[in-house]
């Protein structure tokens, strides 16, 4: 078992990477002190695969346990789905000493975390991610939220989990497309924070389906990178903004296509391709390092262009609703070197439009 501490002033917790850890979830949570009830939030597919194992572990540790499902997919990440969690919390009589277990990918984690942060003005949540993307990103750091018709994650809170439990064994059932999409976030950490990780990715023969040992190594490096950033800036007052690299254009693409065309990681890959080109256009980044980034994205069989039916003007409009807009201006995270980025960069609209146009088709 590998334990990565997230040492925050008020809400410290551990990221535990444990083969077969689902069987021991109840033991991990029992260590946290008095908890009387647990509500497992999942989607129907994940609950069918892993729900019985998780509930059995929780019951064995003395929890009164119930479960509720929310629809799978980003397009269902809205307040109506969260209301299902509230209803289950009411029926199961969750108290302030109770907790919610988020069992699933990033959509489940975001909604379960949001529900936990608002139920009785805040109860504990344990993040148990079952996708690689959620393991390396969404489950860590305490961001929760749901979408609004005009933009992604516009409604949300900061609510740190009491535990992040990662069981790599569950990745054996993950579809190949999901694994590839998660690699976008791993590549992101290499660009924004860990140049050695970027070089390691370049050296690997394949990023499409890494072997178990390589995957665990990438998991650990990515979790460490995210934890290091969050510890330095829990509430995104400055440094943590680097984690938004690729997300401004990525979120706009996801939203503009109704969350049906691109997985989140695919959107991030496209967003990084766009941000990298913007950085080169502004003379902030070298064309050679842009080429290296795009080579890694392609190596993971991720897209670097989108279909021509997505109008640049539609993306520009979506970006105006981005939660990172300040004083009416869209702010970008742009690379300056592998392992280092600028934050809060205001990009001239004509430069951004030109880059978006070059990536269509």
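Note: Cβ is positioned from N, Cα and C throughout, glycine not excepted.
The structure displayed is predicted, hence computed values, not measured ones.
Going by Swiss-Prot, these are the annotated features:
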- 106, 107, 108, 109, 110, 130, 131, 143, 152: NAD(+) binding site (BINDING)
- 185, 247, 264: Zn(2+) binding site (BINDING)
Exercise for the section: For residue 264 (Zn(2+) binding site) and residue 152 (NAD(+) binding site), determine the Cα separation and express it in whole Å. Expected result: 11
Completion exercise
CA pair residue 247 (Zn(2+) binding site) / residue 152 (NAD(+) binding site), Å rounded to integer, equals 10
Problem - Intrachain C-beta neighbours of residue 131 (NAD(+) binding site), sequence separation six or more, cut-off 8 angstroms - result: 104, 105, 106, 174, 178, 182
Fill in the blank from the handout: Rounded Cα distance, in Å, between residue 108 (NAD(+) binding site) and residue 185 (Zn(2+) binding site) is 18
Exercise for the section: With H, G and I counted as helix, E and B as strand and the rest as coil, say where DSSP puts residue 152 (NAD(+) binding site). Expected result: strand
Fill in the blank from the handout: Reduced DSSP state (H/G/I helix, E/B strand, rest coil) at residue 108 (NAD(+) binding site) is helix
Exercise for the section: Output, ordered by sequence, the same-chain residues six or more apart from residue 152 (NAD(+) binding site) with a CB under 8 Å from its CB, or 'none'. Expected result: 74, 251, 254, 255
Fill in the blank from the handout: Cβ proximity for residue 185 (Zn(2+) binding site), under 8 A, sequence spacing 6+, ordered by residue number, returns 133, 136, 137, 222, 265, 268
Exercise for the section: Select one residue from 106, 108, 110, 247: among these binding-site residues, choose the one with the most other Cβ atoms within 10 Å of its Cβ. Expected result: 108
Handout entry: Three-state secondary structure, residue 264 (Zn(2+) binding site) (per DSSP)
Key = helix
Exercise for the section: Indicate whether residue 131 (NAD(+) binding site) is helix, strand or coil by DSSP. Expected result: coil
